[in-house]
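Below is one structure, written out as structure tokens; comments come after it.
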Amino acid sequence: MAAAAVATPGATVLPPSVPSAAPGAKAPAAGAGKGPGNLLEITGEANIVNYMKNRLRKGAMKRKGLEMVNGHRFGVRFFKNPTYCGHCKDFIWGFGKQGFQCEECRFNIHQKCCKFVVFKCPGKDTDFDADCAKVKHGWISTTYTTPTFCDECGLLLHGVAHQGVKCENCNLNVHHACQETVPPMCGADISEVRGKLLLYVELKGNNLKVDIKEAANLIPMDTNGFSDPYIAVQMHPDRSGRTKKKTKTIQKNLNPVFNETFTFELQPQDRDKRLLIEVWDWDRTSRNDFMGSFSFSLEELQKEPVDGWYKFLSQVEGEHYNIPCVDAFNDIARLRDEVRHDRRPNEKRRMDNKDMPHNMSKRDMIRAADFNFVKVIGKGSFGKVLLAERRGTDELYAVKVLRKDVIIQTDDMELPMNEKKILALSGRPPFLVSMHSCFQTMDRLFFVMEYCKGGDLMYHMQQYGRFKESVAIFYAVEVAIALFFLHERDIIYRDLKLDNILLDGEGHVKLVDFGLSKEGVTERQTTRTFCGTPNYMAPEIVSYDPYSIAADWWSFGVLLFEFMAGQAPFEGDDETTVFRNIKDKKAVFPKHFSVEAMDIITSFLTKKPNNRLGAGRYARQEITTHPFFRNVDWDKAEACEMEPPIKPMIKHRKDISNFDDAFTKEKTDLTPTDKLFMMNLDQNDFIGFSFMNPEFITII
């Protein structure tokens, strides 16, 4: 976040005499004029150019203090009343902010238990057919005669009579207000009270092999909040201790990694015994403490090997059975898919050549080996953008590389698929970046796009400080035409900002990065996903309200203000302050803004989306006929016939001087991925990604 603060009443605004700064020129310090403002107060030798140069790039959807787990948005919370963890059922103790609470479903939990929540947030929309994965609770209003705590939020069920509801099937007790946010997973064990262990067990003949890999979410046994765990493996019962084997002790750790292997030569008398796995806490001065256990019969091990996570149980329970860790939602959804697959026995899935685009032959398929990666020219949360030269040609491309493991772990499979679909649209205006092709390897997705030599507008704003109104109009017109195209096809962009507006070699606009875009959103059809870049997000997004394509026009108004003022209309030291200002403050304009500029920006920055310019059915007509664009020939603009005010300086074919040094100094090496994770990755999730754009090939 840029080092900016919202000025208090009485802060100075830019005087009307300040001209637009030329590259390298110094703008006079603010302070020559006085008046109320919501702008950054610039004093001393500071100026707009230096402010823009020091401004940091902001990524989309970066929220501090939040943990995203299975759709839950866990924020740090101070609990005033006695509260129990909804995962491990222990008391949430401590001073200050003791635990986490989901902002969607109010699920309370220890910070240490947060990452072990296996069910999806009931308050968040899911993409799959949720009705097929529901096992609903049977709630009955109940009067409790003893103190009882809510199994959802962890607070006391208060009152004299009918304090809460109880599930007649699984005995879950919750508040009346909490029953709507309880996940529909009646009967499913979704907690790991004692932790879990990852292991592999295989029985071949009389040889039993046990691989102890790692444990997680173990219970703290020492006063320092940690444990000193080790794993004990033996055949049970075994009073002599003949078969007992132990791993090394991992000190002060609740998530130890062991990676040890044990082998057993089974005797005939062992055939009726069970393989017992226990976790113990080692103590130097006293007796070791039991932490958890589970066991397997040799009969079940003979049928098939055991490979995966298993929950630790109590000492009595662990001697008799085991419980595998499963994602209940995904497990039911998997069974649903298997049933649907069985209903269509004659429908054969296309599994061969799944990396090959559907509209080209195998001989012409694009591969990563076809390119020489020259420089890094961009970077995001999922991957990076590389300048690439196609081998054997003079063709230069911008190749966006995304890691599959990051996409899967963040449950964002729809993002690259949406981006590919939008980049492949036909009849697109010249102000949307063109895609040459997209392909995949075992661990990455690749978008091959046209190379925009001029860099992004963030870089150019850092050089100029701010633009004259005529320059701002030029860029606003070309960006608006790109948005018209998307909105007329029911696509909301959701990430309009300086970083995502590139210039080609002539200086015309190219809108890039459609990862957050979504189809099926109109002026009436809404969506609720909280996403975007903080300074550009509309009030309805910040408030978690349903929003439509009108949210894009709010971002457009912020962008227009930024063009001419050299800063965003709503600043703050952190996201919380920025969001509060977006919802409550009004934009205050520098004195050099024209009446038409203030009018159109005010119309775009209307808090109520239904009253916002661009929100109605006639958005194109209302925007193009506004007095701010009175001198614009929109037909010439759409034909790319307007003269760009800034022509990028390009010294040679591979010149990257128009890109941020923070990117170009990085190595082009691709970050290694987790090989074990990639081996278990279902590549079927990416079938249909690869594509060759016939329109781009025609241009070449």
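Each Cβ is built from the backbone N, Cα and C atoms, and glycine gets one as well.
Of the listed candidates (D211, D222, D238, D370), Swiss-Prot assigns D222 to the same Ca(2+) 2 site as D281, D283, D289.
Between the listed ranges 136-186, 391-441, 442-492, 544-594, Swiss-Prot ties the annotation zinc finger to 136-186.
Every protein chain considered, the tally of other Cβ atoms within 10 Å of the Cβ of V385 (ATP binding site) stands at 22. Excluding the listed site residues D222, D228, D281, D283, the same chain places M221, S227, P229, W282, N288, D289 with Cβ atoms within 8 Å of the centre of the Ca(2+) 1 site Cβ atoms. For the binding-site residues listed here (D222, D289), the lowest count of other CB atoms within 10 A around the CB belongs to D222. Using CA atoms as reference points, the recorded positions K379, G383, V385, D495 were checked against S286 (Ca(2+) 3 binding site), and the closest is G383.
Looking just at the zinc finger (136-186), the mean pLDDT is 82. A coil conformation is recorded for D222 (Ca(2+) 1 binding site) in the three-state DSSP classification, outside any helix or strand. What surrounds the Ca(2+) 3 site, by Cβ distance within 8 Å of the Cβ centroid and not counting D283, S286, D289, is the set M221, D281, W282, T285, R287, N288 from the same chain. Ranking the recorded positions D289, I377, K379, D495 by Cα distance from D283 (Ca(2+) 1 binding site) puts D289 first.
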